[in-house]
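In what follows, a single structure is set out as structure tokens and then discussed.
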């Protein structure tokens, strides 16, 4: 954990040591006396604390004879981290200017030829001021901006605006708002390369690439701060580099670090550019290359799940929403568990099985809902009438009976329905489609429930039983109609004469008495009938159909009434053949 907290260049470590002695001691204790590693201009590592020494102080046994804060006489290869070598023009970083510079002084060390009288241990005026916006900006040209994917454009805008806000609020940045910030706030793309002239940071980077400098200033990495003074940043804030986010609490950093993956578990990190990367900056081939060079994004790691599906593991804070694609239908999911559940629709896997009936389900939620059938639980109750339902969707559909809402309308006849399934079934009346056929007799039906009811004719199943007389029925509607005999209920009343009926079909047949309409006409003889049942009986005269067969002798009849009269003959004959019948007559 301590090793992952801070990795900083030697110049920055020296600055902290000189300006914040107590803070440097805390950092040393945090690392348990181990060395703070940093990268020099040649890409090698230097040890600042390995021998118990601090930056700016030579190790024991040094022959340079240099005192803290000074440069060894005649030494051009090794200089104390706090003071650059004489004549050196490389390795200069903001806040650590070269010897002889009059623009700023090294913290704790006066510049050569300085007339300000700054003594060691003090800082020249202005040396602690915040970095400028150019130091924290990630510059993109208009061409490079256009090559970025929309997701990376949003990421760039978010980072730039956050950096600028931190610069203004913490460092007291009072200059006029940069043009690029105004453009990003309006949702436009940056035009920094075209608008900032010779001081343009992107041109400065290209010039450095052309001269192939190999110093710390060549590093186009994430800056160490958001425009905050370096001492305040290291003292008060902990930084996570992927988005340069600062947190005042270590536990916040830990939670953020957990989402960034193993590749970004360092608070501050630095990338040394390679010389061949200059060509990539000038001729970017893809938005990913540009973003890696401009913002130094970590390379996404590929993960494999049990279905061998690839998912890119971006930090949650770096990408606004993680997406997991299905390789079969290309549907996207936010959570990997949702993708796993979706894949079962392709594989047919049903790992969740009901212990009561053995029925299997692909999702545990479906199993929980199914188990309410066995337990009788109905957790969703209507506030209007108190009726309870097993499913929330059933309750929502029921609400429409109270509100009268019918959102589903037929385009052909403008008839409205409260449920979508009712509209689908209604559309089959226009198309004539009957997709459900009986496997026994081949009779087609528009609805599957009608087929299920019809199959009971062949099987003889009668699952609906009357609790009053124990009579059984093959259809629920038949049981409902029968129960009205016991209750005396007649819910269908004629508006003309006030006569009431138990069934709707009886009311419809009765209305023809008042209207005189005979809607059913025979195509062969032209005879008309008011009722559909009478019309079907008449057609049997022409077809010769005799669907009613006697179980005693096998004789068939066209009408059910004819069969009933015939069966009375068999009952009379049985009564006469009974031996007890003669004894009763004699008595």
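Every residue, even glycine, has its Cβ placed from backbone N, Cα and C.
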Worksheet item: With Swiss-Prot as the source, which of 439-461, 531-553 is set down as zinc finger?
Response: 439-461
Worksheet item: So which range, 245-267, 383-405, gets flagged zinc finger in Swiss-Prot?
Response: 383-405
Fill in: pLDDT averaged over every residue in the zinc finger (495-517)
89
Item to complete: State the non-local partners of the zinc finger (383-405) in its own chain: residues 6+ outside its ends, Cβ under 8 Å from one of its Cβ atoms.
Response: 369, 372-373, 377, 418-419
Discussion item. Are there residues at least six beyond either end of the zinc finger (411-433) with Cβ under 8 Å to its Cβ atoms? List them, or say none.
Written reply: 397, 400-401, 405, 446-447
